[in-house]
Every structure is written in C-alpha cells, then in structure tokens.
Amino acid sequence: MPPSQLVVALDVPDPARAVSLVERLAPIGVIFKIGYEAFYTYGEAVKSALREHEVGYALDLKLHDIPRTVEAAVRAVVEPGVRLVTIHALGGAAMMEAAVRSAGERAAELRIPIPEVYAVTLLTSLGNEDLGELGLAGGPGENAIRLAALARDARCAGVVCSVREAADLKAFFGTEFGTFCPGIRPAGSAHGDQKRAATPREAREAGVDYAVVGRPIVGDADPVGAARAIIAELNA
Ligand SMILES: O=C(O)c1cc(=O)[nH]c(=O)n1[C@@H]1O[C@H](COP(=O)(O)O)[C@@H](O)[C@H]1O
C-alpha cells in the first residue's frame, strides 16, 4: 500500500503567507489544496506560485448546484495544475456525472491530465449527534458508504471522508476508489471544529490516499518541521 500523499490546505488570509508556504513546503513533496479562503481572496497569486513550483493542487470548491451549473463551473475552473476538484455528493447522481464529464471534456480541450473529481460525503466537522438533525438516519459510516456508492456510480475518482470511514470504504469499493481525508491531527494538537478527527498514523493504517492537513501545519511557527513530522508518521 503506497503511503498517503500529504495535502496542505492553504487556509491563510494573506497571499504572501500562502506563497511562502508553497515555496517552503513544495520541495518536501507535499501537494496543496486551494479552498474558499485562498480562491476567493487571492486565487490568481497562489495559482501562479503553484505553477512556478510545478506542483499540483486540489481545488476544493465543494461544488453543489443543479447539474448544468456545476458542469459550467467545472469547465471554468479546470486548468493546468488542477489535479483534483471537489463537489458535494449530496448534489446527487446527475450532478456528479455532469462534473466528471465536464472535467474530462475540458481537460481534453486543454490537452492536460484529467483532474480527479472527489465527492464530499459527510463533512468531518459533523459528529454522530449532528446527523439526526440533518434528517440522516444511521451513523457517519453508513451515510458515507451510501453517498460513496452514488459517487462511484457517477465515476468520481473517490470521496472526501474522515479517516474513520476510509478503511471500510476501501474494503467495500476496492483500493482503487480514492479517499481524501481531512480532519487529521497529530496526537496532542487541537481538534478545533473537527469532530471526526484522526492521527496521521490512523490515516496510514486506514490506507487513505490523500491526508489533508491545514492548521496543524499552516498555523505552526515551523510549518516545514510540522509537515515533515506528519510525513514521517504517514510513511512509518
Ligand atoms: O473538502 C475538504 O477539503 C474538507 C472536507 C471535510 O469534510 N472537512 C474538511 O475539513 N475539509 C477541508 O480540509 C481542511 C482541514 O483543515 P484543518 O482542519 O485546518 O486541518 C479545510 O480546508 C477544510 O475546508
């Protein structure tokens, strides 16, 4: 089983800080994630730094709308360097199919590798206690499997889920079906708003493909040291 790829979430308010994180962390083999904060505040600046360092990135816009709108949005955001795009599984089968089709068509037009489309199952900030009030029966595991089945049938490359569901998803859908897992916290670090957190070691044991980490790295005074320690645990 190959080690998980560390994905650093560039969730910082300042473009200079984001660019500096790219410069310092790209050489140690991480890839990056551009989320709402970076994309809407200084998307072009950080994308250009990522292109300069020839490092791929996940574009985490969690698209969720009617199929035609999501199809057009995927078309608009696919460009060289985008390795993975996130959508919400709760947008439904037709929306996910439209996203996957659009990513393939746009990549072919641009003659670039097709970005993987990953569907968010249940946000890692949701705990058991939140599911009932959302009208969802069962626990996170059952819901993740149900949504992942829809995503797999829509030909998504994998799903965004917590480490806690990843091993079961791999057992159910096969190792080729990808897992992109945020909510990763080295032992002793603050969980903040992440209710389904897990350690890098647990991520490795579950065989996750992408281990997504933001604050424990970008909020550390020594982001390179923090990232290296997480990579060591993912590779152990
Ligand atoms: O799609 C995501 O990336 C995502 C899904 C999810 O269920 N939970 C989750 O935390 N994320 C993102 O993963 C990152 C986690 O950051 P930290 O909690 O700071 O490590 C943030 O950018 C979140 O937006």
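Keep in mind that glycine also has a Cβ here, set from the backbone N, Cα and C atoms.
So that you can see what the record holds, here are the features copied from TrEMBL:
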DOMAIN    5-230  domain 'Orotidine 5'-phosphate decarboxylase'
BINDING   D11, K33, 60-69, T124, R185, Q194, 214-215  substrate binding site
ACT_SITE  D60  active site, for OMPdecase activity
ACT_SITE  K62  active site, for OMPdecase activity
ACT_SITE  K62  active site, proton donor
ACT_SITE  D65  active site, for OMPdecase activity
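Feature annotations (TrEMBL) mapped to structure.
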residue	record	Cβ neighbours (10 Å)
D11	substrate binding site	17
D60	active site, for OMPdecase activity	26
L61	substrate binding site	19
K62	active site, for OMPdecase activity	17
H64	substrate binding site	18
D65	active site, for OMPdecase activity	15
P67	substrate binding site	18
T124	substrate binding site	26
G214	substrate binding site	21
Under 6 Å from ligand 1 by C-beta, which of these recorded positions make it: D11, D60, L61, P67, T124, G214? Sequence order, please.
D11, D60, T124, G214
For G214 (substrate binding site), the one of D60, K62, D65 that lies nearest, given that the active-site residues are compared by Cα:
D60
Can you check what DSSP calls D65 (active site, for OMPdecase activity), collapsed to helix, strand or coil?
coil
To the nearest whole angstrom, what is the C-alpha distance linking T124 (substrate binding site) and K62 (active site, for OMPdecase activity)?
13
Helix, strand or coil by DSSP: which one applies to D60 (active site, for OMPdecase activity)?
strand
Find the average pLDDT over the domain 'Orotidine 5'-phosphate decarboxylase' (5-230) in the predicted model and report it.
97
Cα-Cα separation of P67 (substrate binding site) and D60 (active site, for OMPdecase activity), in Å?
18
